[in-house]
Amino acid sequence: MYASATQGHQLNNQKFSPCSVRNISHVLHAIFRKEQKDNCFQDYEGPFCGNKIVEGNEECDCGYEEQECMESCCYARENSERKKGCTRKNGVTCSPSQGPCCTDKCTYETRDKLCKLETDCTEQSYCNGIQANCPSPVHKRNKTECNNGTQVCWSGECSGSICEKYGMDECFLTEDTNPSPDKMCEVACQEKDKPDTCKSTYDIERMKEIRGIKLRPGSPCNNFHGYCDVFQKCRHVDAEGPLARLKRLLFDKQSLSTVKQWVTLNWWAVLLMLIGLIVVMAFFIRCCAVHTPSSNPRKQPARRIQDTLRRPGDTFRRKRRVPTEPHGAPGGPPPPYPGPCPSAPPAGPSHGYGLGRGHYSRAATGHSQPHSSGRNKRTVPAEAMELHSSKQRV
C-alpha cells in the first residue's frame, strides 16, 4: 500500500501490495488454524462487567473498581464487601447506570422529566416513571431535512441525501465535464439510473427553493478522487507532496511557455514592474540609511522609527550635516605670520638657509650663541614667539 492517499486513477490503487498480502495471510493462518490466537474478526457479544454499559444479565454497571463507581446503588466488579459485581444493592429500585430516568437516590424519575432532547429526526422524550431507561423518541417524518438541509431523515436517522426528497439520486460532478473546483464541491443530483443528467443543486429547477447546497469541508468530491477544503474547493489528493507540486508549477514546460508568451505580449507591464521595483528598493535603502547608526561625524544621528511614523516627510528632507567648529575657533586656515618691524633686526635666515636644515649660521646673523657646558643652543625665532603668545591670548 502507498504511504499516503492517492487519486485512485491507476489500476493498482484498488489492489493490495505483495507485502500487505503476505502480512495479512500470516494473521489469517494464525487465527483459522487455532494457534492460540483469538479471532479478532468476530464481535464479542458477551457482557463484560466493569465497562459502565449494562448488557446481558447485568442489573447495573458502575465501573470496574470501587473507587471508579460514583453511585450508591450498584456494586462495582471489584468491591470491598465481596458482593457480586454489576448487581444492585439491597433495597434499591434502580441504578443511574441503567439510564437517565433513575435518580441518585436509586428511585425512578417523575413522568415530566425530560430525558432526551429533540433532534433533526426525532422528537423530545420524557421519562415514564416505571423504568430507568429513557423511552424511545418518536421519529419525525421520513425525508425531513437534516444536517443543515444537506440530508434527509430515514427511520429517525439522518442518513439520506437531499436528492431523495425530490425523487433523485446523489452524484458527483467530475473533471470529465470540466467544472471548476468550486463547482465540484456543490451537492449534485441526477435522475434515477441516468448518470448523464447529473447537475448541481444550484442548476436544478425544482430545487430552486433551497438555493443550492455546498458540501461540508472534508467531504469527498470528484468521484472520491479529491476532498473539499475549508474554502469549499475540491482539492486533489497529492501523493507526491507540496514540494513536487511547486516544482511542477514553476518548471513545467507548459508553465514556462505561458509565462514567455505573456511577457512578449505585455512587455510594457514588465517594464513598469521593473521601474516600480527600483523605486521600492530606493525607498527601502533610504529608510534603512536614516535609521542605521553611523560613526561618521559628518552624518546626522540615526532617526527613530517613531519619529518617521509621526512625520514621514522629514525622512526625505534630511540634509548632510556640516560639523561645527568649537566656539571662538577660526573658520578657515590660521592667519599668516606678521612681518618684521622696520626697526627690528631680521628674525633669521630665509627658508632653507644655513649649514643644515633647522640650523642658523652665526656668520650670517652676526650674533654669537652662548655656550653652556660645551653644548650649542638654538635661538628661538621671533615669529615662533609671537605665534605662541597669540595662542595663549586666544
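Backbone N, Cα and C atoms are what each Cβ position is placed from, and that goes for glycine too.
As written in TrEMBL, here are the features:
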type	residues	note
DOMAIN	46-142	domain 'Disintegrin'
TRANSMEM	267-289	transmembrane segment
REGION	293-394	region 'Disordered'
COMPBIAS	304-316	compositional bias 'Basic and acidic residues'
COMPBIAS	331-348	compositional bias 'Pro residues'
COMPBIAS	385-394	compositional bias 'Basic and acidic residues'
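Proximity of distant same-chain residues to the compositional bias 'Basic and acidic residues' (304-316), defined by a Cβ-Cβ separation under 8 Å and at least 6 residues beyond the stretch ends, is recorded for 286-287, 290-291. Across the range of the domain 'Disintegrin' (46-142), the DSSP-based residue counts are 3 helix, 13 strand, 81 coil. Secondary structure of the compositional bias 'Basic and acidic residues' (304-316), assigned with DSSP and counted as helix (H, G, I), strand (E, B) and coil, comes to 11 helix, 0 strand, 2 coil.
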